[in-house]
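Some features that Swiss-Prot has for this protein:
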BINDING   8, 11, 91, 137, 140  ATP binding site
BINDING   8, 11, 91, 137, 140  CTP binding site
BINDING   21, 23  Mg(2+) binding site
DOMAIN    226-327  domain 'HD'
């Protein structure tokens, strides 16, 4: 039997990029051969084995055949007579369809090295059209390799897949999985650019697609277009290496602007409430994890208040802290401020503009956190008024801070 390193590890080595994961393909072996050599089977749908010492995954060379719609509509054939080229032919992109032998020989039957040099994302063959997840994967690779372009024939094939309804059969969990990975790439806006270009964005994330072409006030948004603004915001979240919940909140914070009545454009009065509703809808459909959903909803609802923090009354700031559970969840509140920072700087010419709201609100939060709510409760004779007394004490603490800014408590 012959063992080859395949896929991303080969690609990244040629690009000079780090890659901690190695995928191995074994040609000329059977499951019995692997077991006899001490490998442990782990694959459910096709033969994958763990190396007895390194615990790396080794997959038998296999082919696949389409049997139905969507991601799960395949049957696999793995046998000793499946060749390396047959295994590589089922892969999505030419740059991922290369292998390296034990002696270092590069196996490149689909000219992946040439496409790396020309910075082209090109599908391997017609089997690409059988798996709609590959549309999402190409878009994700565009976000990772942001200076690569999609080959014209590949883009045409992606458009035909969308037109025939293949993407409509994608399961929610797989869409979210690829979306999350794309948001964590170097330039996530490229993912949405490619999805929009092939028509998949309108089918998978219509709430985001509808933002493009919606105008905003030029004095606050020199980039004008809400869709372009959203792309700038998610790229800001990537540039600052923020967490996935922050990046997802950056994507969804302005969804409500797509439903602003035409007669009040380019103003967007009440878009925060509309954004909350649309974000809830999107999160339910894609089964978004709770941490991402919750931060996205808070950002959609409160980003306007946070931008105006210096103009808010002390009582409004306290209400903001209470509504966002900032005292019990300070780390999440910081993430909320991170998302708002991306929104503020994700505007044409505003990328490096100072943004004072986070420091201002964290100072106010520290002042409120320094209060002893238990002591206030004990001192309150009428127990029904405890929440009211605590709220009033918090308002007073912030008023004192505003009157004496030099005496700001230390932030935790």
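Here the Cβ of each residue, glycine as well, is placed from N, Cα and C on the backbone.
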Helix, strand and coil residues within the domain 'HD' (226-327) as assigned by DSSP: 78 helix, 0 strand, 24 coil
Listed in sequence order, residues with CB under 8 A of residue 11 (ATP binding site) and six or more positions away: 95, 96, 98, 112, 116
For residue 21 (Mg(2+) binding site), which residues of its chain lie six or more apart in sequence with Cβ-Cβ distance below 8 Å? 8, 9
Rounded to a whole number, how many Å is the Cα of residue 23 (Mg(2+) binding site) away from the Cα of residue 140 (ATP binding site)? 19
Which secondary structure state does DSSP assign to residue 11 (ATP binding site), in the simple three-class scheme? helix
Starting from the Cβ centroid of 8, 11, 91, 137, 140, the recorded ATP site, name every other residue in that chain with its Cβ within 8 Å, sequence order please. 7, 92, 93, 95, 96, 141
Rounded mean pLDDT within the domain 'HD' (226-327) lands at 97
Cβ atoms other than its own within 10 Å of the Cβ of residue 137 (ATP binding site), all chains, total 19
Looking only at 8, 11, 91, 137, 140, which the record lists for ATP, tell me the maximum pairwise CA distance in angstrom. 15
Taking the Cβ of residue 91 (ATP binding site) as reference, which residues of that chain separated by at least 6 in sequence fall under 8 Å from it? 7, 97, 124
